[in-house]
Amino acid sequence: MFVQEEKIFAGKVLRLHICASDGAEWLEEATEDTSVEKLKERCLKHCAHGSLEDPKSITHHKLIHAASERVLSDARTILEENIQDQDVLLLIKKRAPSPLPKMADVSAEEKKKQDQKAPDKEAILRATANLPSYNMDRAAVQTNMRDFQTELRKILVSLIEVAQKLLALNPDAVELFKKANAMLDEDEDERVDEAALRQLTEMGFPENRATKALQLNHMSVPQAMEWLIEHAEDPTIDTPLPGQAPPEAEGATAAASEAAAGASATDEEARDELTEIFKKIRRKREFRADARAVISLMEMGFDEKEVIDALRVNNNQQNAACEWLLGDRKPSPEELDKGIDPDSPLFQAILDNPVVQLGLTNPKTLLAFEDMLENPLNSTQWMNDPETGPVMLQISRIFQTLNRT
């Protein structure tokens, strides 16, 4: 019996499920050594009912192994592509590549891009070469534009000095500031959480030390306790914070105040007492660095003095202080207490304003200025106050007017 040679050496016959994109399905038999290209040709003949419509149709289609989602290579055999019996293959037409743009289209697109492109400096100079020039120093104009919040601090420092001199001439100023100072003392007393203070004193810490620790650590008992342990051997641990005085000193101050308020007090004594009140208010404004922030920034390698300066400039904001230390360190700590030039047009315009002149004779205005220096975020509160708001509004208007001119 005669047997063809290709039948003798033929590989294993596989039955494959073929699915076309139009939904047609059929079984195709092929040996393992059949190439993918040959199998694809047979599948296309099946779809075209025995003949190919286009000789290029083979290259325009592809076979995909459904289970692995692989595109089969035309040059490889079914065995090399690891196709198994009863596998499902998808016959799909390849996507036609997008046609290359014509040269005319490319030129039009490039021209459109050039038309939309912003002009460079040379193009601007060429276009404006015939225009008349004006002697305007733009760099100077930009430099003279000042930030209101930055200048406000300088203005407040200078206005505080003027207000103190004006109020020193008021015979009732001493009594007014005594009441205002008493209110400040009450505010400070209210800042100490009695429950937190009791908790620390029950642990055995002295009351004065516990009070100081709570004030330095924002009323946090764990942080205050840690601070007390760390500073137990510190010789200055019993030293009152700025603006505070021991009970004996407070009693002496009260006695002196009562004596000065007597009928026999002279004008000079009243002025001295008012000066002391001003100093006490100023001491309340003295900066107290956040102990936690100081430790954190010093652990980064910064010097303690630099850290305190950074926190003072940035109102105890640790992140802002860190950026200040890493940056150009502007403004400097020395600039914080520096007032505005008394001979400057801005300051003279502020002093000439009737609303400001009237406000400077009000002790509440001075207290507002002091508070805004310590807490810049409180500016909004004082702007809405019926007594201090008009003064702040006039200062802002004068600044904006002169800043534009």
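Cβ from N, Cα, C; glycine included.
Sequence annotations record features per position, and here Swiss-Prot assigns compositional bias 'Basic and acidic residues' to 108-120.
Taken from Swiss-Prot, the feature compositional bias 'Low complexity' applies to 246-265.
Taken from Swiss-Prot, the feature domain 'Ubiquitin-like' applies to 14-98.
Per Swiss-Prot, domain 'UBA 1' is recorded for 187-231.
According to Swiss-Prot, the domain 'UBA 2' annotation covers 288-328.
Residues or ranges marked as domain 'STI1' by Swiss-Prot: 353-392.
The feature N-acetylmethionine is assigned by Swiss-Prot to MET1, with experimental evidence given as support.
What Swiss-Prot lists as region 'Disordered' is 101-120 (among others).
Feature annotation from Swiss-Prot assigns region 'Disordered' to 235-271 (among others).
Looking only at the domain 'STI1' (353-392), the predicted model's pLDDT averages out at 85. Across the domain 'STI1' (353-392), the DSSP tally of helix, strand and coil residues reads 30 helix, 0 strand, 10 coil. Mapped onto DSSP classes, the domain 'Ubiquitin-like' (14-98) shows 15 helix, 29 strand, 41 coil.
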